[in-house]
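A.B. asks: Heads up, here are the entries from Swiss-Prot:
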BINDING   13-37  NADP(+) binding site
BINDING   Ser146  substrate binding site
ACT_SITE  Tyr159  active site, proton acceptor
Amino acid sequence: MDKRWSLQGMTALVTGAASGIGYAIVEELASFGAIIHICDISETLLSQSLSEWEKKGFQVSGSICDVASRPDREKLMQTVSSLFDGKLNILVNNVGVIRGKPTTEYVAEDFSYHISTNLEPAFHFSQLSHLLLKASGFGSIVFMSSATGVVSVQCGSIYSLTKGALNQLTRNLACEWAKDGIRANAVAPNVVKTPLSQSYLEDVGFKEALFSRTPLGRAGEPNEVASLVVFLCLPAASYITGQTICIDGGFTVNAFSYKPQA
C-alpha cells in the first residue's frame, strides 16, 4: 500500500469513543493500521466496544475517563504516554454533549456543563498531547466541531458557541504548532445518527425542518464522518491544516428553496 494512504504503526487517542461517531472513527483508524487508545465515561460501553474490536483483530486499548475532570485528563495522558513510549501521532477530540434550549431558558449550570465537556477538555488534551505529538514527527489533531458552529440554528446557542470556539482553536494551533510538525483541523457534521441525536431525529417537526434545509435530505451516518476524520490524519492530507470542513449534506451552503410558478 502507498504509505500516503496508510496509518500502519501510527498511534492515536480518541476521546468519547465507545459509541456513536467516536466508535466509527476507531473502526476506520484501525482499518488503516493505527494503534489506538480510547477513553469513555461508560465502563459498560467501553468493555463492550473493546471486546468487539479484539474479535476483529484491531489494536485498541481503553481507559475510563470523565473528560470534565482535570485529574482524569492528566491521568489519561500519562497512560497514553506510557503506552506509546512518549509519542502520539493522532489526537481526536471527539467527546461532546448538547442540551438544546432557547437562549433565555439556559441556566448557569447548562453553560458550565457545555464548556466543561465540549471545550475545556479539547483545549487541555491538546496542551497535554503537544510534546507527544511533536515527538512523533508527524502529529495531527482533529476536533469534532459541528455545522452549528458555522451557521446559526435555534435552540442551541451554548452548544454552538463551544463548537465555534473549537473552530478558532483549530486555526490557532495550526499556525502556532506547524513548526512542531503538528497539523490541526476540525470536522463539522450536520446531525448524525447516533444515540446523542436519537431524540431529535424522533421529533417529526425537527426532522422535517432539518431535512428540508439539507440538500441531500437526510441525516449523516457515523462512518461518513469517520472517513473524513481519518483522511485528515493520513500522510495524504499532509498539506491540510487550520481548516474546518463541513460534512453536512449541503446544509451550511443552502440558502432557501423557491420554485417559480410556471
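Glycine residues also receive a Cβ, built from the backbone N, Cα and C atoms like all the rest.
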A.B. asks: What does the structure give for the C-alpha distance between Ile21 (NADP(+) binding site) and Tyr159 (active site, proton acceptor)? Integer Å is fine.
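C.D. replies: Cα-Cα, rounded: 17 Å.
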A.B. asks: Could you list the residues of the same chain, at least six apart in sequence, whose Cβ is under 8 A from the Cβ of Gly33 (NADP(+) binding site)?
C.D. replies: Ser6, Leu7, Gln8, Gly9, Met10
A.B. asks: Look up Ser146 (substrate binding site) in the DSSP assignment and reduce it to helix, strand or coil.
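C.D. replies: Coil, per DSSP.
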A.B. asks: Using Cα coordinates, what distance in whole Å links His37 (NADP(+) binding site) and Ser146 (substrate binding site)?
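C.D. replies: Pair distance, Cα basis, whole Å: 24 Å.
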A.B. asks: Tell me whether Tyr159 (active site, proton acceptor) sits in a helix, a strand or coil according to DSSP.
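C.D. replies: Once the DSSP labels are grouped into three classes, Tyr159 (active site, proton acceptor) ends up as helix.
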A.B. asks: Roughly how many Å separate the Cα of Ser146 (substrate binding site) from that of Leu29 (NADP(+) binding site), to the nearest whole number?
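C.D. replies: Each residue's Cα considered, Ser146 (substrate binding site) and Leu29 (NADP(+) binding site) end up 21 Å apart.
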A.B. asks: Just the number: how many Å between the Cα atoms of Tyr159 (active site, proton acceptor) and Ala17 (NADP(+) binding site)?
C.D. replies: 20
